[in-house]
Amino acid sequence: MAKKKATFICQECGYQSPKYLGRCPNCSAWSSFVEEVEVKEVKNARVSLAGEKSRPVKLKDVDNISYHRTQTDMSEFNRVLGGGVVPGSLILIGGDPGIGKSTLLLQVSTQLANKGTVLYVSGEESAEQIKLRSERLGDIDNEFYLYAETNMQAIRTEIENIKPDFLIIDSIQTIMSPDITGVQGSVSQVREVTAELMQLAKTNNIATFIVGHVTKEGTLAGPRMLEHMVDTVLYFEGERHHTFRILRAVKNRFGSTNEIGIFEMQSGGLVEVLNPSQVFLEERLDGATGSAVVVTMEGSRPILAEVQSLVTPTVFGNARRTTTGLDFNRVSLIMAVLEKRCGLLLQNQDAYLKSAGGVKLDEPAIDLAVAVAIASSYKEKPTSPQEAFLGEIGLTGEIRRVTRIEQRINEAAKLGFTKVYAPKNALQGIDIPQGIEVVGVTTVGQVLNAVFS
């Protein structure tokens with residue numbers, strides 16, 4: 001007879017305790033513990049839908065044909081996955097409510113239906129509701145199946161009947177296994193349902209997409225084990241009041257985690273943005289103070305983005321600092337360098353900084369653009385609309401080299417920029433395209449003197 005053991009599990013982080021706790025000692029969440037009964041039982045060996053048991057094989061004998069990636073019609077989506085969908089992969093997609101996760105997967109699944117059988121399982125919407133949303137996306141292939149169900153046993157039965165090539169679960173928090181105690185979305189339910197989906201995906205080469213809810217802190221809800229079990233973790237980011245969405249990989253066993261895909265939400269669904277640099281800069285005002293352009297790298301893709309700054313005298317006892325899309329600590333460091341090394345009196349100035357377009361900038365190469373934007377607003381002097389800035393700022397005010405400098409300069413030249421300020425030590429041996437001047441600089445003070453003299 002199976003032994004039953006009661007444990008209390010934190011719904012936020014998955015921490016387990018033998019007794020109820022008002023506050024989680026791991027994540028400090030209040031009233032997050034729920035009681036769950038753990039049933040220990042011996043399960044049979046895992047088999048595929050064809051009834052074949054898995055057995056050890058030599059690495060050199062593994063068939064590489066099964067690794068063939070399936071391309072979707074969205075090049076941005078393929079880029080983030082590393083070149084396409086790998087058979088048997090388990091892909092988790094998280095994002096804020098209403099950001100467009102279901103819309104993205106519905107578009108992707110309709111495209112995959114042209115290359116295989118798709119089973120779309122929804123625990124949040126009825127089949128009629130999904131059909132209503134899908135009508136704006138265009139024609140749907142006959143190999144696209146909808147299934148509104150939350151019972152894992154029933155879902156497994158239909159998987160065995162249909163034998164899909166692609167499976168979409170929307171969402172994992174709504175699916176429950178009747179063999180496991182706990183409500184839908186509980187730690188034990190999410191863990192066991194994900195384990196069963198992983199077994200189905202790996203033994204039958206079913207590419208599986210899972211939608212995951214996020215907490216108010218922006219992390220994926222449920223046990224941390226969920227992210228360890230899957231092959232790929234994607235975050236769909238963006239502000240609900242902006243039309244742009246960014247798909248970012250934070251874990252990918254079949255590709256790079258540095259790639260991003262950029263989409264725009266329109267009435268007909270998500271449309272990929274193939275030239276994000278032009279989109280992010282098209283509304284920039286000529287002659288405005290507090291603005292500077294940087295060429296940032298998102299994976300292997302260079303993107304031109306605008307850094308905006310507003311520096312005003314404070315009316316409070318302490319100066320206020322606010323950032324959106326930029327790292328607060330990095331901005332504070334740059335302001336300290338400007339005050340110490342360049343003589344800008346910023347201790348009594350409020351500073352508000354943001355990256356235009358909602359894109360997040362977090363690499364060291366943006367330092368020089370941030371410094372120039374702050375100085376431009378402080379001095380009330382605009383920068384030239386044809387100038388871009390590259391470089392990391394050290395604590396002594398020096399400009400340090402950044403990666404892929406040649407690729408960044410080429411992107412700036414392609415969009416019509418005529419001058420780029422870049423670290424002098426990084427310019428040796430690179431080919432500079434015609435029509436653009438690259439100014440090698442060594443200190444941030446040298447840049448400010450050249451730009452605002």
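Positions of Cβ are set from backbone N, Cα and C atoms, glycine also.
Listed ranges 71-75, 181-185, 251-255; the one Swiss-Prot annotates as motif 'RadA KNRFG motif' is 251-255. Swiss-Prot lists zinc finger for one of the ranges 10-27, 118-135, 370-387, namely 10-27.
Taking the Cβ of Gly98 (ATP binding site) as centre and 10 Å as the limit, one finds 9 other Cβ atoms among all the protein chains shown. What surrounds the ATP site, by Cβ distance within 8 Å of the Cβ centroid and not counting Gly95, Asp96, Pro97, Gly98, Ile99, Gly100, Lys101, Ser102, is the set Phe236 from the same chain. Remark: Gly100 (ATP binding site) has Phe236, Gly238, Arg245, Phe263, Met265, Leu270 as non-local neighbours, by Cβ distance under 8 Å and separation of at least 6 in sequence. Looking just at the region 'Lon-protease-like' (350-453), the mean pLDDT is 93. According to DSSP, Lys101 (ATP binding site) is assigned to a helical segment. In the structure shown, across all protein chains, Gly95 is the one of the binding-site residues Gly95, Pro97 with the greatest number of other Cβ atoms within 10 Å.
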